[in-house]
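**Q** Straight from TrEMBL, here's the annotation block:
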DOMAIN    A:18-218  domain 'Thiaminase-2/PQQC'
BINDING   A:D48, A:E86, A:E139  substrate binding site
ACT_SITE  A:E209  active site, proton donor
There are 2 protein chains.
Amino acid sequence: MGLQVRFTDELRSLAGAKWEAVINHRFTDALAAGTIDRDVLARYLVQDHRFLDSFVVLLSSMVAAAPSLAARIPGCQFLALITGRENTYFERSFAALGVDDAARESAPDTAPTVAFKALMRDAAKATYSEMLAVLVAAEWSYQSWGERVLPAAVQEPFTSREWVDLHSGEYFGSVVEYLRGLLDEAAATMTPAERAAVEVRFLAAVDIELAFFDAAYEDS
Amino acid sequence: MGLQVRFTDELRSLAGAKWEAVINHRFTDALAAGTIDRDVLARYLVQDHRFLDSFVVLLSSMVAAAPSLAARIPGCQFLALITGRENTYFERSFAALGVDDAARESAPDTAPTVAFKALMRDAAKATYSEMLAVLVAAEWSYQSWGERVLPAAVQEPFTSREWVDLHSGEYFGSVVEYLRGLLDEAAATMTPAERAAVEVRFLAAVDIELAFFDAAYEDS
C-alpha cells in the first residue's frame, strides 16, 4: 500500500466538519465526566436501544455477505458482544436511571432514530460495501469519541463508564480496524457507481449520528 | 398447544429410519468410546470443517431474517461459539491427528460435503423457514447422538470428548430448543407450499448427514 491513502480515510475526509462534530459532541464530554443530565442520558439510551435490532440485522447480513470465513469470524464475535454485554448494559442502565418499561415503550422514536432504522434496514438489503459503509461510520465514529474521552472518563457511575469502555480500548479498536479493512479491501474492485453509493451511505450515517446526539437534548 | 404435535416432531417422524440411522451411527459410538480409527476421524474432521463457512452463512442469514431481536440473540451467541471454541477444536484436533495444512487442502471435497455446502448456501437464499429447516436438522440430529453417547463417553482423547461435549449438555440443548421453537412458530403461518419446501430441505439435510458419516469410512 505504501503511501496510498486508505479508502476509509477518504470517506472520513469527505464527512469533514460533520465527522468532527460527531466525535467532539458535548454529549460525550458530559458522559465521560459523569456530569451528564440523567434525563438526557435516559432519552439517548432509550433511543439508542431502539435500533439495536436493526444494527444486528445489518451486521449479520454483512457477515453472511462477506467473502470468506476469516472475514466472517470477527463479525460473529462482535454480534455476540452487542447482543450480550452491550445489551445487558442497557437493561442495567434503564434500571439505574429509573426508566421503566412503560416509559421506554411510550417514548416515540425521534426523527434520527427513524432515519437510522431505515438506513440500516435498507443498507442490509443493498451491497456488501454499502453494508460496511454504515457499519464503519457508526463504529469508527464511536471509537473516535470513545478514545478521545477515555483519559478523562470517571469510574462512576457505571452508566457513564461502561458506555465509554464499550467504545474504546484494544478489543473495540480491533473491531473498527476489521470493519475498515473489509471496506478498504472491497474498495479495490468498486466501480465508480458503487463507490458513489458507498459515499452516500457513509455520509448519511454521519449526519444521523450528529442529529442523534443533538436529539438527546431535545425534550420529547 | 396442549396435545398438539410440534411441527419439528412431525419433521423428525417424516425422516423415520434415516433419522435413526444418523443418530445411531457407528461413527458416534466409536467416537465416544475413544476407539475411533484416527484416519476415519481425520477424514471426518477435514470434511466437516469444509462446510463451517457455509454453515456460518446460513446461520447469519437466519439471524438477519428472524422476526425480532429476541429471536436473533441466541443465534448471535451461537455464531460466536462455532467461530470460536468450535473452530479452535478443529485446529487442535488437526494438530493432534497429524493432519497438516497440505493434507487438509489437498483432500478433495467428498460428495456429501459438496451436497452440504450447496444445501446450506442455497437455503441461505431461500425463505426463513427453509433456513431453519436445515439448521434444525443439522443441530438436532447432532444433539440427539451427542446425548445418546454422552453416558458412555470417555474423557480422553480430547478429540473424542470435546466433539461429544460440543453436541450435548444444557447449552447445546438450549440452542436446539431455540431453533426448533423458531421453526415451530413459523409453521403456524406456513402455506402448504411453504411447508412442503421446508420438508424437502429437512429431509435433504438428514440424508446428507447419514452419507456424511458413511463417507468417513471410505478411503479417498
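The backbone N, Cα and C atoms fix where each Cβ goes, and this holds for glycine too.
Structural setting of the listed features?
**A** The local packing around A:D48 (substrate binding site), expressed as other Cβ atoms within 10 Å of its Cβ over all shown chains, amounts to 18. DSSP classifies A:D48 (substrate binding site) as helix under the three-state reduction.
Over all protein chains present, the Cβ of A:E209 (active site, proton donor) has 24 other Cβ atoms lying within 10 Å.
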**Q** Could you measure between A:D48 (substrate binding site) and A:E209 (active site, proton donor) for me? Cα positions, answer in whole angstrom.
**A** 11
**Q** Looking only at the domain 'Thiaminase-2/PQQC' (A:18-218), what is the mean pLDDT?
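**A** Mean pLDDT, the domain 'Thiaminase-2/PQQC' (A:18-218): 96.
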**Q** Give me the Cα-Cα distance between A:E139 (substrate binding site) and A:E209 (active site, proton donor), rounded to a whole Å.
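**A** Roughly 11 Å, rounded to the nearest whole number.
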**Q** Around the substrate site recorded as A:D48, A:E86, A:E139, what other same-chain residues have a C-beta within 8 angstroms of the site's C-beta center?
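**A** Counting only non-site residues, the set is A:L52, A:F55, A:I82, A:A138, A:Y142, A:L166, A:H167.
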**Q** Return only the integer: C-alpha distance in Å from A:E209 (active site, proton donor) to A:E86 (substrate binding site).
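**A** Cα of A:E209 (active site, proton donor) to Cα of A:E86 (substrate binding site) measures 18 Å after rounding.
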